[in-house]
């Protein structure tokens, strides 16, 4: 492609990127302009010249978008290309006619001054500290005082001074152009502030090495840093409040200490400034006074070297003691040789016995040392067993709470829950087992057990537990009785089977069946002062439900009269023996809370047969005001053929 065509594409991209439209420059046009930064300097110069022509327009949108394109070229273009070209003539970025722009005029002016200052400081320092990367920060961190440390820090502060003045008001950031410019400025602010932090720390490290003039300049730099830090914090707080608009996360910044101004001024204004500086340099580099002191410390080193001599002396004394012991032992042997043979043998025997005792003592000590680990292992085993039992106790308590909440049982009426390893320790009480094995709430219940063998129960314990269950578990779905297998009518030597359970078997009158839906409506009698006897169970084959009672049970039937006389009292009704009922006969004649006469078994009553045509004795008309006639009159009127019209005379 010829250069003319290249120029045409770049000029077209510049015009498209800086249109009058109130919108941010499209990246597809900016991308073409960024390609010019990788071309030869002439192409880049032509693009810059075309952008400068757009800065002379009267529309603030065109001018603002042109500055944004310049900023993007400095940030995302080829490094050290656009900044080099602008540093040669930095004033071309300044918008002189910004005051004539009614809208966004102040923001455009400050924005252009910042870009111009950035290009100017690059031409002065040779480093673009606003460029993203670690190279500029590394350079200022390792820079020394004689290499222009103070000058570089002042250049960074000059850029920050111009940037802080670009304070966009929140009401002015109401369009995409201002939002894009503000986002780019916040990014440069964070990069420059990081660079100035590193530079100020480096200045403070060399502060006490400087002369009076450099120290005064460093103090001015530090004061400027303190003031700019406060302004930067306010600027970033505004940016943090506009994160939802700019979509640029603002981090929490850390800066150098800003409370050293007084101490630095005190050091600078000290009349002994030069003496303090020389002393600091001597302490840092090392003075000849210290070298002579180090040479004079040789006797101390000799004293340390004389320590092995003491060790040699101690070793020589030990050798002397050994020689003395050897001489003493040799003298004893000579004395023993001079003794007669009998005394020699006795002395040898004594020495042998002493040696044997010493060996036994040493053996016992070794055994004790070997047994210590065994004791430790036993302690560890006990700890492990204790931990295991604790965990089992926690598990059993959890099961207790689960059963208590599910069955709504009281603490007195429930027994200890089964553990994982041990069975129930009770020998006189049979654990309650539901009539259906699948409905068991016990998680450790073995449903595969073939038989059930109840154990003998003392009558007092049986009745007390029955009463506690009646008081605490009236609405339970499972019959928690002490002799549940026999009360439900199943054989004690057969496995639990639904087909073998008699659902119509007789129950204990003291403990009404918990499956009775009307049991909550029955008033519970007072059991104080009464003695209960053990109930002997009876097994009855499966029979249909016959609503006939074969025991004493309160039946309240109101007295009624018929046309032929009063009806007989229910106390004289004779029920056949052996008929199955819902409540078992109690031998003590216990009544269930009513004052009516009980039903006596064995008494006969002649019940007259009533005709089916007996009229009803009460009128069902709610609007009838006429008094009811006697039953005899009703029967007579039902047979008569007279008219029943009430309006007929």
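Glycine residues also receive a Cβ, built from the backbone N, Cα and C atoms like all the rest.
Comparing 38, 323, 414 with the features listed in Swiss-Prot, the residue bearing the annotation phosphothreonine is 414.
Feature region 'Disordered', per Swiss-Prot, maps to range 409-440 of the set 185-216, 217-248, 409-440, 441-472. Among the candidates 285, 331, 338, 595, the residue that Swiss-Prot annotates as phosphoserine is 285. Between 287, 597, Swiss-Prot assigns phosphoserine to 287; no such entry appears for the others, which is not proof they lack it. Between the listed ranges 530-589, 590-649, Swiss-Prot ties the annotation region 'Disordered' to 590-649.
Averaged across the domain 'ENTH' (2-136), the predicted model reaches a pLDDT of 88.
Helix, strand and coil counts from DSSP across the domain 'ENTH' (2-136) read 94 helix, 0 strand, 41 coil. Look at residue 285 (phosphoserine): DSSP puts it in a helix.
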